[in-house]
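Engineer: Sharing the record's features from Swiss-Prot:
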- Cys195, His198, Cys218, His224: Zn(2+) binding site (BINDING)
- 233-301: coiled coil (COILED)
- 340-399: domain 'COS' (DOMAIN)
- 404-504: domain 'Fibronectin type-III' (DOMAIN)
- 486-679: domain 'B30.2/SPRY' (DOMAIN)
- 30-80: zinc finger (ZN_FING)
- 137-184: zinc finger (ZN_FING)
- 190-232: zinc finger (ZN_FING)
Amino acid sequence: MGESPASAVLNASAGLFSLKMETLESELTCPICLELFEDPLLLPCAHSLCFSCAHRILVSSCSSGESIEPITAFQCPTCRYVISLNHRGLDGLKRNVTLQNIIDRFQKASVSGPNSPSESRRERTYRPSSAMSSERIACQFCEQDPPRDAVKTCITCEVSYCDRCLRATHPNKKPFTSHRLVEPVSDTHLRGITCLDHENEKVNMYCVSDDQLICALCKLVGRHRDHQVASLNDRFEKLKQTLEMNLTNLVKRNSELENQMAKLIQICQQVEVNTAMHEAKLMEECDELVEIIQQRKQMIAVKIKETKVMKLRKLAQQVANCRQCLERSTVLINQAEHILKENDQARFLQSAKNIAERVAMATASSQVLIPDINFNDAFENFALDFSREKKLLEGLDYLTAPNPPSIREELCTASHDTITVHWISDDEFSISSYELQYTIFTGQANFISLYNSVDSWMIVPNIKQNHYTVHGLQSGTRYIFIVKAINQAGSRNSEPTRLKTNSQPFKLDPKMTHKKLKISNDGLQMEKDESSLKKSHTPERFSGTGCYGAAGNIFIDSGCHYWEVVMGSSTWYAIGIAYKSAPKNEWIGKNASSWVFSRCNSNFVVRHNNKEMLVDVPPQLKRLGVLLDYDNNMLSFYDPANSLHLHTFDVTFILPVCPTFTIWNKSLMILSGLPAPDFIDYPERQECNCRPQESPYVSGMKACH
């Protein structure tokens with residue numbers, strides 16, 4: 001059921017009353033003992049202090065055993081005002097009777113407040129936690145054994161009482177009406193923390209300088225009086241906030257550690273699984289090897305037996321032939337010996353002729369019938385040599401990922417759109433293939449993120465050689481290359497190596513060259529030639545008066561390009577870039593479509609849109625480097641001989657640009673298709689040697705663009 005209107009009003013009134021009483025109590029609390037003022041003194045500074053607290057201040061200022069009578073002054077604990085004492089000491093100060101009357105009325109109002117009669121104001125000033133209230137607290141005043149359970153604890157007396165002892169010791173009259181009664185709490189919670197320097201004082205301040213809990217006397221007359229102090233509440237809030245923040249971080253870290261530990265446990269489990277798998281695979285592979293050895297053993301044994309049978313059969317046939325021949329020869333020998341015993345010449349001649357022919361024939365045929373003995377037939381040239389196989393078996397081991405290859409930068413070559421990468425490896429026999437990865441290098445700062453970004457890398461897989469040529473690259477651009485060696489066990493990467501393509505090569509375009517310029521056969525040199533007037537005029541051709549211009553035969557709309565110009569003895573020239581739409585009948589740099597570095601005798605300037613800026617340049621400048629970074633909207637000029645940066649134009653390119661060259665005297669030679677020198681191979685912007693100043697050669701110059 002809902003609360004009745006009368007109850008709601010009553011509860012609201014009770015809450016308002018409690019709030020007002022708590023506010024009033026804070027005004028009636030002594031700054032030393034933090035209790036309601038008791039026998040308050042009215043100090044000259046208009047603050048008040050308990051008589052007993054003032055007495056403790058004087059006692060704390062004395063050495064042990066000394067009297068407080070010689071003390072003639074002390075400081076107000078609230079405002080630090082020095083209070084002077086007469087010969088009467090503290091008794092010479094006025095009593096704050098009005099404040100005492102207010103305290104008396106406050107205590108009566110606390111007892112007869114709007115809440116239930118069984119719970120007075122002094123009983124509500126301190127509520128123990130549920131953990132404290134659940135403990136069994138024994139009465140500390142009972143004489144019986146065991147003592148009865150306490151029903152209240154007096155904060156002022158610091159003693160817990162049962163109901164009988166409470167009525168006996170705390171009648172409803174002064175000074176007991178000012179005692180604060182709470183639910184029973186243990187003695188350890190009741191005592192609180194006392195000051196280290198003043199044993200009878202509770203801590204109520206925090207010394208920031210010494211990082212220590214102190215009491216009011218420590219700040220007033222103790223060794224902390226000149227230190228920075230803070231209230232316990234402020235320090236409590238700050239420390240609690242810090243602890244909560246650190247606790248949050250610790251909980252987060254514990255969560256991360258738990259996740260990490262879970263991953264480690266998962267890895268351990270995976271190790272167990274993989275180990276079992278590898279052990280099973282090892283047994284399987286070894287069993288297969290043993291099976292192969294057994295099969296080869298049986299096969300070789302069969303071959304030995306077959307060879308033995310074949311050789312013995314052959315030898316047996318030869319033995320039989322020899323035996324047959326021997327038998328015939330023996331018969332013939334016996335017949336011949338018998339004839340030789342015949343003394344009758346006629347009979348001998350009659351029989352010997354036939355025998356002699358047979359012996360001669362047998363002697364001749366025996367040379368044919370006797371077989372040649374081949375000692376190879378004795379199986380002596382047969383040998384079993386498994387030393388190579390034994391060595392392979394001794395080197396039997398599980399396969400590991402190959403050693404990382406190393407890119408040989410000194411062997412790598414480049415053109416304006418290709419780079420050939422060479423690498424070596426000391427582990428080629430265990431490598432099944434290579435993989436080449438590359439991407440555009442945009443600065444050291446983003447290399448780590450670039451390295452971890454899979455989408456930004458181009459990949460060339462399944463390379464079998466130790467070199468590879470990458471085609472279709474941007475001109476004058478730096479790339480990062482990584483080579484990965486791969487086998488069945490895994491892969492390992494080489495260290496990243498930076499390589500760069502050369503700039504786009506170009507030559508001077510005869511169709512755009514001024515009529516009074518002579519172009520060399522290779523298209524790389526231009527020279528002033530007043531006699532060369534045979535060329536016809538076209539809209540593309542430079543046609544300025546007094547200056548003679550030429551342009552390269554390319555239009556650039558991307559990439560980074562570097563070329564150099566050798567000026568030789570020329571003292572009046574302009575070198576830069578221009579849009580195709582730039583006017584051909586005026587000096588380059590005098591319009592918004594061209595940007596140049598120019599020399600006029602001893603003056604060096606950069607010019608754009610009819611504005612110039614002087615540049616500090618060594619007078620011996622004979623070669624000018626030009627770096628066009630179209631993608632980053634920059635055109636820079638350098639002194640390559642001295643590794644000196646001269647000037648950089650910041651340009652927002654909207655159209656393709658063309659290299660342009662103008663001379664007033666002598667000649668120029670172009671060196672194109674060059675790699676950018678290492679001294680300008682850094683991402684940091686270098687300081688230029690420009691200073692704003694009006695030039696006498698072009699009107700309307702105020703600043704460098």
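Please read every residue number as a count from 1 along the shown chain.
Just so you know, glycine gets a Cβ as well, placed from its N, Cα and C.
Set these features in their place in the structure for me.
Structural biologist: His198 (Zn(2+) binding site) has a Cβ environment of 19 other Cβ atoms inside 10 Å.
Model confidence over the domain 'COS' (340-399) stands at 77, taken as the mean pLDDT rounded to a whole number.
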Engineer: Enumerate same-chain residues with a sequence separation of six or more from Cys195 (Zn(2+) binding site) and a Cβ-Cβ distance below 8 A; give 'none' if the list is empty.
Structural biologist: Glu201, Lys202, Val203, Leu213, Ile214, Cys215, Leu217, Cys218
Engineer: Name the secondary structure element type, per DSSP in three states, that contains Cys218 (Zn(2+) binding site).
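Structural biologist: The residue in question, Cys218 (Zn(2+) binding site), is helix (DSSP, three-state).
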Engineer: Around the Zn(2+) site recorded as Cys195, His198, Cys218, His224, what other same-chain residues have a C-beta within 8 angstroms of the site's C-beta center?
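Structural biologist: Nearby residues not in the site list: Leu196, Asp197, Glu201, Val203, Ile214, Cys215, Ala216, Leu217, Lys219, Gly222, Arg223.
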Engineer: May I ask you to report the DSSP-based helix, strand or coil state of Cys195 (Zn(2+) binding site)?
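Structural biologist: The three-state answer is coil.
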Engineer: Write out the long-range same-chain contacts of His224 (Zn(2+) binding site), meaning residues 6 or more apart in sequence whose Cβ is under 8 Å from its Cβ.
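Structural biologist: Set apart from His224 (Zn(2+) binding site) by at least 6 residues yet with Cβ under 8 Å, we have Cys207, Ser209, Asp210, Gln212, Ile214, Cys218.
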